[in-house]
């Protein structure tokens, strides 16, 4: 532990930042096993050095094997790289007019052994009370308990490129060492100890303090991206106390030898891990930005909406013409359902003009480059044509793949599609997928992959046969070569746990499981609910998140519905789900007259591109929110 942070010489002392310099460290009773840090090096009561952490790459090793007199780097290359980076930073600081940084000294407090001895018992009592209260308040869902009790496996963070750290997770895995708060201690100050990752579940890690060997009695779950998780060596650089847990204080008489053995060659988090976490949670979308988004009541058109809030990259959009600002829609900033202002006009998409003729003060159009890009396609050669048949995920019932028809071929590769047997005469329930969308499939896809294909409503010749249906309707199948056949190495496996948006109620994020994988298509099951509420989702969907995402971003997670709660709430929650599905189906059954009247009242406009008959609609999956 620290008496303060000692620099390379015993005459000078420093702290890592001005923010932490105010947090002085009180000395501890001399009878405790104390471990000091000398710069990046562990130093013990006998004054001999033990371990060192490379300031460049974070590698932990024996100090004597490190490079240079100061033992700050594990190799010549790290020393040179650090020197080069320091020079660049110094030059940049001078160009920006910033003064050179100086290390502030940490004030040394006089020993307060008497106070500490009396305070220890008091602090232990407080901690026991706090643990009791926490246990009472944690009646809700816990990922750690859920995974441990059922031996579940979670999808790794690297499966989610759109999530924080999804592209820079690195080789964080089991046995990686970190420095974490030591909760097995009754001291008045916040102290730390080293722990190893026993198991990873998304962002969550099951940690075990060093020295507990195979004893899992004090194992605990935490979010590896949390503010209290640090790479080995952080305590040394920050002047924080490092103390072994009380349970094992007397287990080892030579902590130096123990740590040398345990940490030699061990991996830890990168030195800039917390900085990368912070940077990956910066989002370009801001409140008051205006976008075009699919109309949740009429999929065939878009409306202008304003970003109300941003949580973890998810946007709460409020339709601009909503008087009480309760008419909202949730989606991710990379969702194919949102577009820049003017997108509908540029491709001929139906658009509901707002009653608001003037942009409200403070509102501004979102820059077009912030939206997800679709793959460019060549429509000059063989291409999709109106009337061609295909198979498509039904946006009003995402658990089904249906017989569908291309109703209009639009600009920039977008297609207007209708579900056979349940279309309105005026096409007001058509929806839009891009030609490269992973939610449309060639004829025969379901049969080949043993997926149940939903036939047209009212079609009586069952079992459904594509050959017969194409002959009866005088139609042709869309050429197979026009569909997206890219299958990334996504890393998902059947049975993996994750957090997933209920796309039929997109404000909700639920505990979910991958139950089927067909190429890049995932079958997502919401734990505790019947299979009829499952949803087909693309492996790169921005509506899938790693375990722990809600905790990391502050979003509310919906726990699994237990069997007892489903039975006791058969007249409420379960019926709400069914009512929701029925509502969407009812929406399809609306008469042509009703739809036309609504479209007229809503000032629905259809923008055509030149003299072309091409028109285009939204994109990929449509997620509809239940209306009260």
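Positions of Cβ are set from backbone N, Cα and C atoms, glycine also.
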Listed range which TrEMBL flags as region 'Disordered', given the options 560-590, 591-621: 560-590
TrEMBL annotation of region 'Disordered' - which of the ranges 1-31, 32-62 it falls on: 1-31
Local confidence of the repeat 'MBT' (253-349) - pLDDT mean: 91
